[in-house]
Amino acid sequence: MVSVYQFCSRNTLIGIGLGQFLSLLITSTGFTSSELAKKGIDAPTSQSFLNYVLLAIAYGSIVLYRRQALKAKWYYYIVLGLVDVEANFLVVKAYQYTSLTSVMLLDCWSIPCVMLLTWLFLKTKYRFKKITGVVVCIAGLVLVVFSDVHADDRASGSSPRIGDLLVIAGATLYAVSNVSEEFLVKNADRVELMAMLGLFGGIVSAIQICILERNELKSIQWSAGAALPFVGFAVAMLLFYSLVPVLLKMNGSTMLNLSLLTSDMWAVLIRIFAYHEKVDWMYFVAFGAVVVGLIIYSIGDRDENRDPLHVALDADHGQRQHDEEAMTSGKS
């Protein structure tokens, strides 16, 4: 049983605060993307380009200062940069067709994709609790799609079904990107990963902008109202990329999953109070299903990633019990 002192410990409170900050960062990226879509600005690759540039500058300078050879092959980072750019492109593009709430909820599709990919390629084993949580999450995601089709006022977007499919495709690519990052972090270096992702992500983005979005950028009437969402998106993404490893180190993946879950709540609040839009009743059912599913998933994650101190104490307790039984047997 967790004591009040353990629950209110410094690391726990910092983890809760940092987790909510990350949740707000994710919500802010959705908010800025939605704002640009409302202004008629359709340049999803351009939105992510500045983020990659900032990553390359911030972490690339550290790599150059170290003057060390890359720990992973450079062409791995090219593939990762391509996948990450297209994932961002598809998800941001979806805001042109569907609602902020749908994008935030459907983005959870990356969870079962990550589980499948890590099981296939990283040989990660999952217990029944995690699988149950994912099934419940998927049920909630299906309800999101039905709610978009069911909505009469179409406040959710011009073509919700297309938007939902774009989000699911983007979330699948996010899963590929996340699993690749997990592999590279274990076999290379976090700073090197961020620097190379920024470098090659920026190069891929620049090429794609020249091909797909050059005319769109020329047609934009640049003003503070148009430029600020671009900058806000990039800064939020930079902070998110940088702080996620800190939370994972302090509190583990359970805290991260539960913290990012609240981004859906912030998205619903923004839609109701900032946009003054009506939310279909099925959204709340879907949100409840996602909440329950992610809690079950996180409990399973906690069971599979127990605190090493507890594992050591249990082992020590078992060893002492074994020794006592041996002594008792010897005396008799």
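Residue positions begin at 1 at the first shown residue.
Cβ coordinates come from backbone N, Cα and C, glycine included.
What you see is a predicted model, and the numbers here were worked out from it, not measured in a lab.
Copied from TrEMBL, the annotated features are:
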TRANSMEM  12-29  transmembrane segment
TRANSMEM  49-65  transmembrane segment
TRANSMEM  74-95  transmembrane segment
TRANSMEM  101-122  transmembrane segment
TRANSMEM  131-151  transmembrane segment
TRANSMEM  193-212  transmembrane segment
TRANSMEM  224-244  transmembrane segment
TRANSMEM  281-300  transmembrane segment
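Residues 26-27, 30, 33, 91, 94-95, 130, 134, 137-138, 140-141, 144-145, 148, 156-157, 160, 163-164, 167-168, 170-172, 174-176, 178-179, 182-183, 263-264, 267-268, 271, 279, 283, 286-287, 290, 294, 297 of the same chain lie 6 or more positions beyond the ends of the transmembrane segment (101-122) yet place their CB under 8 Å from a CB of it. Using a Cβ-Cβ cut-off under 8 Å and counting only residues 6 or more beyond its ends in the same chain, the transmembrane segment (49-65) has close neighbours at 81, 85, 191-192, 194-195, 197-199, 201-202, 205-206, 209, 230-231, 233-235, 237-238, 241-242.
Simply put, out of 12-29, 74-95, 193-212, 12-29 has the most Cβ pairs sitting under 8 Å from the transmembrane segment (224-244). Sequence-remote contacts of a segment are chain residues at least 6 beyond its ends whose Cβ falls under 8 Å from one of its Cβ atoms, and for the transmembrane segment (193-212) they are 43, 45-46, 48-49, 51-60, 62-63, 70, 72, 74, 77-78, 80-82, 84-85, 89, 181, 184-185, 241-242.
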